[in-house]
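Taken verbatim from TrEMBL:
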type: DOMAIN; residues: 165-272; note: domain 'Ciliary BBSome complex subunit 2 middle region'
type: COILED; residues: 338-365; note: coiled coil
type: DOMAIN; residues: 394-479; note: domain 'BBS2 GAE'
type: DOMAIN; residues: 562-646; note: domain 'BBS2 hairpin'
type: DOMAIN; residues: 651-677; note: domain 'BBS2 C-terminal helix bundle'
Amino acid sequence: MLVPIFTLKLNHKINPRMVAVGKYDGIHPCLTAATQAGKVFIHNPHTRTQRPAAHRLSQSTQDSDISLLNINQAVSCLTAGILGPNTTGDTLLVGSQTNLLAYDVHDNTDIFYKEVTDGANAIVLGKLGEIQSPLAIIGGNCALQGFDFEGNDLFWTVTGDNVRSLVLCDFTADGKNELLVGSEDFDIRVFKEDELVTEMAENETVTSLCHMHSSRFGYALANGTVGVYDRTARYWRIKSKNHAMSIHAFDLNADGVVELITGWSNGKIDARSDRTGEVIFKDNFSSSVAGIVEGDYRMDGQVQLICTSVEGEVRGYLPASREMKGNLMDASVEQDLIRELSQRKQNLMLELRNYEENAKALSGVSEGDSKIGVIPANTQLQTALSVRRGTENQRAHIELSISTPNETIIRAVLIFAEGIFEGESHVVHPSAQNLSGCIRVPIIPPKDIPVDLHIKAFVGGKTSTQFHVFEITRQLPRFSMYDLNVDSSATEPTGKVTFSINDRPQRVVMWLNQNFLLPEGSDSPDVSFAALRGGGLLRINMQSSGEITLRTDDVDLAGDLVDEFHSVHQKLTAAMADHSNYIRNMLVQAEDARLMGDWRNMKKRYIELYDLNRDLINEYKIRSNNHNALLTRLKAVNQAIQRAGRLRVGKPKTHVIAACRDAIKNNNINALFKIMRAGSTSS
């Protein structure tokens with residue numbers, strides 16, 4: 001069993017997710033954490049001489065090994081690492097809701113102290129993309145900013161919602177780091193500098209991210225879920241009733257591959273395999289875990305995993321020795337194998353007992369009554385999805401119908417779905433008087449995302465006491481909460497978006513059938529929908545020239561549809577792959593024609609290749625120009641809000657910035673101008 005090699009009890013409480021280790025003199029690692037009353041403590045047991053006080057740094061009266069850094073405001077994030085080219089050691093970076101401090105602990109001086117109007121909810125330090133110098137990147141209210149060692153703003157972009165977690169990772173395997181951003185709108189976004197590469201939708205706020213190796217990273221959600229992604233593919237995830245306070249990647253079992261270490265709100269620490277999520281080690285604190293870091297804290301050349309609790313307890317763990325490799329738990333390998341075989345034996349015995357009971361029951365009844373535990377061979381589970389308008393008694397919803405084609409009944413249904421049901425699962429268990437071969441389940445998706453419904457149903461005869469379990473998976477389309485039956489008296493939408501695509505109408509019809517719930521036989525790209533979630537109409541029309549018009553007053557819906565059509569986010573890579581395949585095929589055909597002396601076809605293929613290359617370059621230029629223009633305008637809006645805030649001080653300044661953000665989110669431009677002029681919409 002793996003046990004701590006050192007334990008410390010510091011006389012300072014530690015704020016969750018605000019723990020780091022820094023070598024501020026370039027040699028000695030120091031545990032650093034945010035504590036109460038706007039202070040940061042630095043634990044340095046290596047140099048026990050009295051350290052002089054500075055304008056920010058002072059000696060703790062409770063512990064001679066601890067120095068206190070006075071920030072004078074609530075700390076929201078911190079980290080440590082190499083920022084400048086000529087610094088002695090690591091730089092300590094401390095963020096609050098208004099400022100970012102870069103501090104040289106060794107020389108007791110501020111490197112820079114910057115005002116950040118969007119706040120600093122999360123921070124990461126390192127190199128990003130082509131930018132040469134390391135950046136201190138902070139995430140705040142819908143914005144990302146990166147500062148170099150002189151405090152210059154070298155990186156700025158916006159994201160969908162308040163940022164809660166950041167990590168740098170070579171996501172695209174091009175040798176350069178991308179920035180992964182977890183936010184309150186449940187998305188993990190990947191930025192290559194200021195370009196959005198892709199995004200992964202989760203079902204809760206993304207509270208923590210950590211890089212594991214290559215393009216693999218771990219994540220934690222506010223609902224107690226932790227898991228591992230490799231690029232956009234999720235390897236595994238587990239969900240706990242407790243909250244994941246901190247995650248970290250560390251090779252604890254010395255097998256050459258890092259594990260995902262998780263610290264939980266109930267004080268538990270566990271290490272899980274990056275490939276399967278299997279627990280290989282666990283331990284417990286008496287209070288909630290605050291943070292997990294690593295460092296050579298004993299200065300013996302071996303890096304330890306350092307775990308801290310909110311009460312100030314610190315434990316250090318060494319990676320397993322060769323003798324303990326793969327055996328970090330209390331039980332031995334033989335005991336694990338015996339337990340696994342015992343479980344299999346128990347399951348087989350239970351199955352055998354069921355068969356024996358069925359045989360006894362069948363032997364004592366006539367052929368016509370032999371329904372106990374037996375169902376017809378053609379029994380199968382059938383599912384159907386349909387849109388249902390709201391009534392006085394029930395909200396608008398998607399109706400999932402689960403049925404069997406014969407006289408069997410469905411005793412119970414279990415449905416597992418991310419982000420749909422509370423606890424991600426739903427059970428329907430009809431009373432004995434209401435048993436039938438069909439069960440209808442109302443489903444209300446909270447937003448427009450595709451969801452896999454994993455369905456398990458217990459099916460048997462009307463008098464059965466034992467049931468067969470049927471499993472089936474059905475996907476709920478992304479835009480399922482839109483009804484094709486439109487009220488003729490509905491108000492026509494005034495907003496519209498027009499763009500052109502190069503696809504045939506049949507491809508658009510195929511896309512509509514994949515993303516909306518349409519009746520069979522729908523073959524027209526011109527459709528109208530009623531939005532069941534927010535009200536209003538959506539009309540989609542396509543001209544023979546390929547011009548598509550979207551009419552809706554919901555700007556978010558229009559943006560989602562444009563993203564789908566133009567493959568700006570997730571489908572961009574697939575579209576480029578399609579182009580690459582098309583180019584490859586044309587090159588092969590052209591070379592085949594050349595080798596066969598078919599000059600006419602060779603010329604034709606190269607002309608097509610030239611035209612495709614020109615179209616790709618033009619599309620890229622348009623996308624690049626639009627992206628740069630949008631960034632310029634977004635930054636101008638942010639700067640205008642900042643200037644309006646600087647005309648006030650104290651609470652009015654905070655109120656103006658927050659009110660401006662709300663006005664932008666609500667697309668209320670008139671309110672935005674009024675707030676910037678008068679300070680509020682009511683003035």
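Using the three backbone atoms N, Cα and C, a Cβ is placed for every residue, glycine included.
Note that TrEMBL annotation is computational and uncurated.
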DSSP-derived helix, strand and coil totals, residue by residue, for the domain 'BBS2 C-terminal helix bundle' (651-677): 24 helix, 0 strand, 3 coil
Contact set, same chain, for the domain 'BBS2 C-terminal helix bundle' (651-677): CB under 8 Å, 6 or more residues outside the stretch: 117, 141-142, 555, 637, 640-642, 644-645, 683
Averaged pLDDT, computed only over the residues in the domain 'BBS2 C-terminal helix bundle' (651-677): 81
Helix-strand-coil residue split for the domain 'Ciliary BBSome complex subunit 2 middle region' (165-272), DSSP-based: 0 helix, 69 strand, 39 coil
Number of helical, extended and coil residues in the domain 'BBS2 GAE' (394-479), per DSSP: 6 helix, 44 strand, 36 coil
